[in-house]
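Beneath this line is the structure, given in structure tokens, with notes to follow.
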């Protein structure tokens, strides 16, 4: 295993030193492959293009992120940015590698969350675009473009994670395979407009299930804060260690989004726009308005106390689906209805 990890460091060193002009590209790719970007960009864009696909993206994101958290607790994967110090690799073969603000994530490293969660959540988008192109394009090469774009993007995300010293190549590969399999399995099974209690119980099950696993492992003598301690110890700058990279931050996000999805689907605003037909221009306005609201909400400051941070994160992502599914379309629909000229009866 040591040789495999050493080869991963060598690969990161090659990416950083042989292709330094690609640094900004890798930073952008890892940002676009971040699970938080699924909530901020891909979910709203997919929803306003297709209601079914948008809900699938959100649902698969929150379930897969929860599974990724549990997998990481059991697999205990090191991250390159601390392993090079803890293992003594530097003293044996000094590597010319350096960290970035995105390197210092505090959870275990295996499997890669960027690859697993994003790969699963983008699967319904890829399959929807593929089916559309299959009905309109006669060329076989044109029909495979969505699949090629999906694979190319995820490969780039994986390389960016190696470049940043956030993951080893085998962790990236595990995330890519697991994400694709989960996306394939879950896309046909996404619940659409179930009763509110279903989403409330899902949110509760995510919280209680992860907490039960955590305390069971803790009772058995496993210290699940080991990765937080190592990240804090070996990160070059303390300000690069962010609260929102902690394992329970993703749990609060997922449980909040599950509850928010149920609230949105059963809100009066959603009931009014559910049967309404929004034109392409209205959908574009919805997307712009949603991004204008979600952006500031995403970049709000966090409470310094860890418990308050988790509560704040839960409430923020509960509000997220309510804005995208209900409030924004309702506002656009209401203003469009007011501006429409009255129909004169003959």
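A Cβ is built for glycine as well, from the same backbone N, Cα and C atoms used for every other residue.
Note that the structure is a prediction, hence the values are computed from the model and not measured.
Some features that Swiss-Prot has for this protein:
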- 1-24: topological domain 'Lumenal' (TOPO_DOM)
- 25-45: transmembrane segment (TRANSMEM)
- 46-54: topological domain 'Cytoplasmic' (TOPO_DOM)
- 55-75: transmembrane segment (TRANSMEM)
- 76-108: topological domain 'Lumenal' (TOPO_DOM)
- 79, 161: substrate binding site (BINDING)
- 109-129: transmembrane segment (TRANSMEM)
- 114: active site, proton donor (ACT_SITE)
- 130-140: topological domain 'Cytoplasmic' (TOPO_DOM)
- 141-162: transmembrane segment (TRANSMEM)
- 163-167: topological domain 'Lumenal' (TOPO_DOM)
- 167: active site, nucleophile (ACT_SITE)
- 168-186: transmembrane segment (TRANSMEM)
- 187-197: topological domain 'Cytoplasmic' (TOPO_DOM)
- 198-218: transmembrane segment (TRANSMEM)
- 219-254: topological domain 'Lumenal' (TOPO_DOM)
- 255-273: transmembrane segment (TRANSMEM)
- 274-283: topological domain 'Cytoplasmic' (TOPO_DOM)
- 284-304: transmembrane segment (TRANSMEM)
- 308-328: transmembrane segment (TRANSMEM)
- 329-346: topological domain 'Cytoplasmic' (TOPO_DOM)
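Positions of Swiss-Prot features highlighted on the structure.
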{"residue": "79", "record": "substrate binding site", "Cβ neighbours (10 Å)": "26"}
{"residue": "114", "record": "active site, proton donor", "Cβ neighbours (10 Å)": "31"}
{"residue": "161", "record": "substrate binding site", "Cβ neighbours (10 Å)": "31"}
{"residue": "167", "record": "active site, nucleophile", "Cβ neighbours (10 Å)": "32"}
Cβ contacts the transmembrane segment (255-273)/the transmembrane segment (141-162), at least three under 8 Å, sequence gap 6 or more: no
Closest-packing stretch to the transmembrane segment (25-45), where packing means Cβ pairs under 8 Å, from 55-75, 141-162, 198-218: 141-162
Cα-to-Cα gap, residue 114 (active site, proton donor) vs residue 161 (substrate binding site), nearest whole Å: 8
Integer Cα-Cα distance in angstrom, residue 167 (active site, nucleophile) to residue 79 (substrate binding site): 5
DSSP three-state assignment for residue 161 (substrate binding site): helix
Beyond the flanks of the transmembrane segment (284-304) by 6 or more, those residues with Cβ under 8 Å of it: 36, 39-41, 44-45, 48, 243-244, 278, 312-313, 316, 319-320, 323-324, 328-329, 331-332
Per-state residue totals over the topological domain 'Cytoplasmic' (46-54) - DSSP helix, strand, coil: 8 helix, 0 strand, 1 coil
Residue distribution over DSSP helix, strand and coil in the topological domain 'Cytoplasmic' (274-283): 4 helix, 0 strand, 6 coil
Folded-back contacts onto the topological domain 'Lumenal' (1-24), same chain, C-beta under 8 angstroms, at least six residues removed: 78, 80, 83-84, 87, 89, 93, 95-98, 159, 162-163, 165, 168-170
Composition by DSSP (helix, strand, coil) of residues within the topological domain 'Lumenal' (1-24): 22 helix, 0 strand, 2 coil
Secondary structure content of the topological domain 'Cytoplasmic' (130-140), with strand meaning DSSP E or B: 8 helix, 0 strand, 3 coil
Chain residues outside the topological domain 'Cytoplasmic' (274-283) and at least six past its termini with a C-beta under 8 angstroms from it: 48-49, 329, 332-333, 336
Stretch-level contact, the transmembrane segment (198-218) and the transmembrane segment (109-129), CB cutoff 8 A, at least 3 pairs: no
